[in-house]
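Here is the structure we will look at, set down as structure tokens.
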Amino acid sequence: MKQRNVNRVALIGAGSVGSSYAFALLNQSITEELVIIDLNENKAMGDAMDLNHGKVFAPNPTKTWYGTYSDCKDADIVCICAGANQKPGETRLDLVEKNLRIFKGIVEEIMASGFDGIFLIATNPVDILTYATWKFSGLPKERIIGSGTILDTGRFRFLLGEYFDIAPANVHAYIIGEHGDTELPVWSHADIGGISITELIKRNPEYTMKDLDELFINVRDAAYQIIEKKGATFYGIAMGLARITKAILNNENSVLTVSTYLDGEYGTEDVYMGVPAVVNRNGIREIVELTLNEQERQQFKHSANVLKEILAPNFKEQ
């Protein structure tokens, strides 16, 4: 990997997610340089101008400009938010063919620049497109990261916090699997202050597993609800992307639920899925393999199989 004294993030795609991500980066002063690249040059230029005008209010100034793929050469992270959007009633997997075509061209342009950093993928279906980026780029698998279930996990912790009247930061619970309809909650490892969720239910009759099952459905279907109401989701995922970016650039070794390549972990292989992983300056340091109960293992296996069925016709063995 290329080592520079100045951190640079290249953003591909200045749509709602990309622009919100850029806004989050500047507000938290996560990177020293941000270059915005979009087919619509005027949109990228406008975003760069708008963000620069607010730099005086940020903790530290971030050099921000609109650029071209050649600017990816010196980037530490390229975050791809470009692609076709999910429409009302459309699943994330419905976007596969459209976005695979788009991604092949984007990744080839980025690699032609001499880029040798870390890819961060946000475009849906994120697990499929993260795998595609790995295949198209030829970079090591640990340097290709998808947003995975980081937002689902955030939604999960928020709703659990509301239910138990506890700050979400003190709720420890994960959503794993596909970022989509087959994702699953890991109830067997969910706790608040070291007390398991199942134990809390036993102690207090006002809490029920039926309520929590409904809570998970609200987590899983949150995107559909938001899309129906406002057309797209972008603030939450942008903040999740900013969190991953911070973990990488600061070499945090933080555990985040991101889409990463499985090579035997969780009983599956040759697929990118959302699982807890240690994230640092080199990308994915290691996967945190939770001990799942039998029901969770079966659900995870089903989620993996759904993704593999989508991948199979598009990435045949060479």
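Note that Cβ sites are derived from N, Cα and C of the backbone, with glycine treated the same way.
Features as listed in Swiss-Prot:
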- His179: active site, proton acceptor (ACT_SITE)
- Val17, Asp38, Lys43, Tyr69, Gly83, Ala84, Ala122, Thr123, Asn124, Ser147: NAD(+) binding site (BINDING)
- Gln86, Arg92, Asn124, Pro125, Val126, Asp127, Asp152, Thr153, Gly154, Arg155, Thr233: substrate binding site (BINDING)
- Arg157, His172: beta-D-fructose 1,6-bisphosphate binding site (BINDING)
- Tyr224: phosphotyrosine (MOD_RES)
Based on Cα coordinates, which of the following recorded positions are within 10 Å of Asn124 (NAD(+) binding site): Gln86, Asp152, Gly154, Tyr224, Thr233?
Gln86
Widest Cα span across the NAD(+) binders Val17, Asp38, Lys43, Tyr69, Gly83, Ala84, Ala122, Thr123, Asn124, Ser147, in Å?
24
Far apart in sequence but close in space: which same-chain residues, 6 or more away, have a Cβ under 8 Å from Asp152 (substrate binding site)?
Ile175, His179, Glu183, Val219, Arg220, Thr257, Gly274
Tell me the Cβ neighbour count for the residue listed as 'active site, proton acceptor', meaning other Cβ atoms within 10 Å of its Cβ, over all protein chains shown.
32
Would you count the other C-beta atoms found within 10 angstroms of the C-beta of Gln86 (substrate binding site) for me?
20
In the three-state scheme derived from DSSP, which category covers Val126 (substrate binding site)?
helix
Distance, Thr233 (substrate binding site) to Arg157 (beta-D-fructose 1,6-bisphosphate binding site) (CA atoms, angstrom):
18
Which of these binding-site residues has the least crowded Cβ, counting other Cβ atoms within 10 Å: Arg157, His172?
His172
